Every structure is written in C-alpha cells, then in structure tokens.
Amino acid sequence: MIFDTIAAISTPRGEGGIGIVRISGDLALDILEKIFIPASEKNVKELKTFTINYGKLINEKKEIIDEVLVSVMKAPKTYTKEDIVEINCHGGYLVTEKVLELVLRNGARHAEQGEFTKRAFINGRIDLTQAEAVMDLIHSKTDKSISLSLEQLRGDLRIKIYELKKMLLDVTAHVNVVLDYPEEGIDDPLPDNLYDNLKEVYSQCDDLINSYDTGKMIKEGIKTAIVGKPNVGKSSLLNALLREERAIVTHVAGTTRDVIEEIINVKGIPLIIVDTAGIRKTEDIVENIGVEKSKELIEKADLVLFVVDSSTEITKEDIEIYEKVKNKKVLGILNKTDLDKKIDISEFKEINSFIEISAKEKIGIKDIEDSIYNLVISGDIENNSQKLVITNVRHKSALEKTKDSIKNIFETIDMGMPMDLIAIDLRVALDSLSEITGEISTEDLLDHVFSNFCVGK
Ligand code: GDP
Ligand code: ZN
C-alpha cells in the first residue's frame with residue numbers, strides 16, 4: 001500500500017525543554033533535504049539509517065530556525081515500516097510548532113490521531129491488540145497498568161487468542177469433513193477430545209471476560225470516596241495517605257470547578273480520590289453540607305472509605321451516611337484511636353470490620369492500603385499475576401460473542417440438531433476471535449481504535 005507522507009509533533013504540549021517533530025513516509029528524506037544542513041556537511045540523502053545527526057534547520061529564506069538533532073531511520077525496520085525522520089528541536093514548544101509548519105510546507109500532511117501507529121498496523125508490523133496497547137501505555141497511570149500494557153504489547157493476548165483459535169480450527173476441520181463426506185456415515189457429532197476443546201475455549205473466554213473488571217479498575221483507577229460527618233478526620237486521613245505514598249502520581253484538575261482528583265498509588269493500583277476539594281476545605285462552609293455531599297460522592301464511587309470518630313459517640317449523621325454506604329464496596333475506618341474510645345461500632349453491623357487508625361499519629365495507614373489492595377484484587381495477586389487480564393471493552397465484547405456461539409454449539413449437540421448449525425456457530429466464534437487481533441477488521445473498527453490516539457503516535 002502507498003501512503004502520503006505525514007508529520008506531527010510527538011512530544012506532549014507544554015513547556016518542555018525539547019520537542020520532537022516526527023515525519024513518516026516516502027518523502028521524509030526529501031523534505032529533510034530541503035530544510036536541514038548537517039554539521040557533517042554530508043548530503044542528507046547520504047545520512048545512514050539509525051543515525052542521529054546534528055545540524056541547522058533553515059527555512060525557505062535560508063534563515064536558521066533552530067539547531068537540532070535529527071534521527072534518520074530508513075524503511076523497513078522502523079515503527080511504521082516507512083522512512084522516518086525525527087527532528088529534536090531545542091527551542092521549546094513554539095519553535096517546535098514552527099518546525100512542524102516548515103515540514104508541512106515542504107510536502108508532508110499533518111498526521112491524524114494515531115496515524116503513525118495505524119500505519120504500523122496496516123503495514124503489518126503490529127496487530128490490533130498491540131496497537132491498542134500502545135495507546136494504553138500512553139494513558140497508563142501507574143506501574144501496574146503499565147505492566148499490563150507491556151504484556152499486551154509483547155503479544156501475550158495475541159498468543160492466547162491464537163491458542164483458542166487453534167482449538168476451534170481443529171473442531172472446524174472435523175465438522176467440515178463430516179459435512180463434506182456424508183457417505184462416510186459419521187453421525188457422532190463430536191469426538192470427546194474436540195468436545196473438550198470447545199469446553200476449554202468456553203471456559204478460557206469466560207476467565208478473560210471476568211478479568212475485565214479487575215483490568216479496567218487497574219487501568220483506569222478506582223474512584224474512591226472518603227466520607228464521614230464533619231470532623232471525623234477525612235482531611236487528615238487523605239493527607240496521611242498522600243504523605244505515606246512516596247509516589248504520588250499526579251494531580252489532575254477536574255473539569256468541574258472545585259473538583260480536584262488526587263491520585264494515590266496503592267501498590268500499583270491507582271486510587272482516584274474524588275472531590276478532594278470538598279475534603280480539603282476543612283474549615284469553611286463546604287463541611288457544613290457534609291452529609292449531602294457525602295451521599296453524592298458515594299453514588300459515584302467504586303470504593304468508599306467510611307470514617308468514624310472513635311472518641312465520640314455515634315450520632316444521627318453517622319447513621320445517615322452509614323445507610324448510604326452499607327451496600328457499596330466499603331472499608332470502615334475507625335479514626336482517632338489515640339484518644340479514649342467512646343464509640344460502639346456494633347451499630348454498623350453490615351460492615352464486617354473497622355480498621356483502627358490514627359490519622360494524626362499516622363498509625364494504621366498501611367493497614368488501610370493492604371485492605372484496599374485485597375478488596376480490589378479479591379484474592380491473591382501473586383497467584384493472579386501470571387494470568388492474562390483484559391482491559392479493553394472491545395476485546396471483552398468479542399470474547400462474549402465467541403462464548404455465546406460455543407454455547408449455541410452445545411445446545412445444537414444436546415438437541416441432536418444438524419451439523420450445519422455447528423459450522424455456522426464455529427465460524428462466528430472464530431471471526432470474533434479474529435476481530436480481537438484485527439485479522440478481520442472493518443474500516444469502522446480501525447477508525448474506532450485509532451481515533452483514541454494522540455496525534456504524533
Ligand atoms: P474532617 O472534617 O473529617 O476532614 O476532619 P479533619 O481531618 O479536618 O479533622 C478534624 C479534627 O480532628 C482536626 O482538629 C484534626 O487535627 C483532628 N484529628 C484528625 N485525625 C485525628 C486523630 O487520629 N487523632 C486525634 N486526636 N485527632 C485527630
Ligand atoms: Zn475535611
């Protein structure tokens with residue numbers, strides 16, 4: 001396939017020290033020849049592949065735009081399998097934009113979102129799961145989700161899908177023989193080993209589908225609400241959690257005014273503390289609407305930390321909030337245990353146990369982290385870590401289609417219905433699996449996958 005030459009800034013916007021303009025396509029070196037003078041005084045066309053070259057960028061009027069480092073990577077062993085040139089500009093973002101304009105004026109087209117990766121896919125360098133992994137990697141929030149993306153990038157999911165397809169193809173081969181040679185009189189629908197294949201594929205699809213919730217949570221973070229009536233120590237707890245955690249991943253200003261999301265990394269799982277603005281403003285009126293606000297936060301949360309004050313007796317407000325949280329995934333937190341205990345937590349009977357802490361003295365914070373971790377993973381992560389986890393909804397629905405088709409096959413067999421039906425369902429099951437790796441890909445599907453990319457990737 002022949003494409004035009006594309007270019008984009010592939011470093012994030014903002015005040016970085018350097019910016020990179022990436023060019024991919026047949027014209028990449030022609031364009032470079034027009035705008036770059038290597039310090040080595042070589043002709044651009046003579047620059048060797050996989051070299052980094054220092055020199056000057058010039059515009060049409062021979063004015064120097066920037067001093068740059070240019071990486072030259074010649075096809076086919078490149079990210080897109082095309083000629084790639086990357087210009088490292090030193091002059092900050094404005095200069096980088098100028099360089100991009102210069103490149104565009106000299107024959108490149110501005111790349112669409114994800115277009116470099118789309119080319120890598122179309123030129124056969126990576127499959128669709130790997131392309132999606134690139135995207136996830138760009139958006140990953142913590143180590144754990146990065147390692148999930150890396151697994152996918154190495155092709156673990158693809159290998160698994162091939163295994164499943166292989167098992168289904170064995171069944172298909174048998175079914176086709178039976179259908180093609182009716183005179184052989186084979187009417188035993190499926191030999192045991194092939195029936196086992198179907199059962200195996202069914203249960204592996206099921207496992208992968210079930211891994212989605214965990215995978216999604218690990219990837220996107222767990223929306224966590226810290227709730228409790230005013231003065232129980234929510235702000236203190238948040239601060240303790242933030243301080244405990246050496247690697248605070250990022251602070252994100254939310255879209256709504258006043259809403260700040262704080263992301264805490266709990267053993268590799270990103271915990272997104274929702275509405276910390278509300279928690280932070282300890283002393284002002286925001287706390288007065290505490291109960292109402294809490295209810296709202298609880299609705300939105302994946303996980304609730306329900307904080308009560310052990311040094312006072314339970315009040316109506318505690319009970320009101322408790323009624324809201326008891327049906328959620330909730331951790332009870334008994335704060336201020338450095339003081340004399342006055343509370344009787346048996347009122348909160350639906351909450352199995354309370355973690356005893358002192359936010360002020362920084363006691364019990366690690367217990368909270370351990371409990372959160374266990375609650376999210378629901379099991380032993382060390383055993384689970386060998387298992388493949390899917391994080392992509394497109395993969396999930398394709399696996400569901402496969403699973404449904406196999407279920408149909410079991411029914412067909414149970415009811416003694418004709419083999420043709422089995423063949424049809426096998427086809428659907430195989431096609432759905434192929435959709436995951438992109439061996440069967442409609443234009444729609446491709447656009448859907450690649451439109452989520454950033455430009456420049
Ligand atoms: P919030 O209104 O729930 O956010 O509560 P704050 O975190 O603002 O705390 C309210 C008051 O309780 C402050 O004076 C804190 O210093 C105090 N406090 C919070 N945690 C503890 C604790 O573990 N022990 C003691 N003794 N005081 C605490
Ligand atoms: Zn507060």
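Just so you know, the numbers here start at 1 and follow the chain as drawn.
Each Cβ is built from the backbone N, Cα and C atoms, and glycine gets one as well.
Quantities reported herein were computed from a predicted structural model and do not represent experimental measurements.
Feature annotations, courtesy of TrEMBL:
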BINDING   Arg22, Glu86, Arg125, Lys457  (6S)-5-formyl-5,6,7,8-tetrahydrofolate binding site
DOMAIN    221-377  domain 'TrmE-type G'
BINDING   Asn231, Thr250, Val252, Thr255  K(+) binding site
BINDING   231-236, 250-256, 275-278  GTP binding site
BINDING   Ser235, Thr256  Mg(2+) binding site
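Of the listed binding-site residues Asn231, Ser235, the Cβ environment within 10 Å is emptiest of other Cβ atoms at Asn231. Geometry remark: Asn231 (K(+) binding site) versus Arg22 ((6S)-5-formyl-5,6,7,8-tetrahydrofolate binding site), CA distance 54 Å. A Cβ distance below 6 Å to any atom of ligand 2 is met, among the binding-site residues Arg125, Lys234, Ser235, by Lys234, Ser235. Under the DSSP three-state reduction, Glu86 ((6S)-5-formyl-5,6,7,8-tetrahydrofolate binding site) is assigned to strand. Of all the binding-site residues listed here (Arg22, Lys234), it is Arg22 whose C-beta has the fewest other C-beta atoms within 10 angstroms.
Proximity to ligand 1 (Cβ under 6 Å from any of its atoms) holds for these binding-site residues out of Arg22, Glu86, Asn231, Lys234, Ser235: Asn231, Lys234, Ser235. In sequence order, Tyr79, Thr80, Lys81 make up the list of same-chain residues 6 or more apart from Arg125 ((6S)-5-formyl-5,6,7,8-tetrahydrofolate binding site) whose Cβ falls under 8 Å from its Cβ.
Averaged across the domain 'TrmE-type G' (221-377), pLDDT for the predicted model comes to 76. Straight-line distance linking the Cα atoms of Ser235 (Mg(2+) binding site) and Glu86 ((6S)-5-formyl-5,6,7,8-tetrahydrofolate binding site), rounded to a whole number, equals 47 Å. Distance from the CA of Lys234 (GTP binding site) to the CA of Arg22 ((6S)-5-formyl-5,6,7,8-tetrahydrofolate binding site) is 47 Å.
Around Glu86 ((6S)-5-formyl-5,6,7,8-tetrahydrofolate binding site), the same-chain residues six or more apart in sequence whose CB sits under 8 Å from its CB are Ser10, Ile20, Val21, Arg22, Ile23, Val70, Ser71, Met73, listed in sequence order. Annotation note: Ser235 (Mg(2+) binding site) sits in a helical segment as assigned by DSSP.
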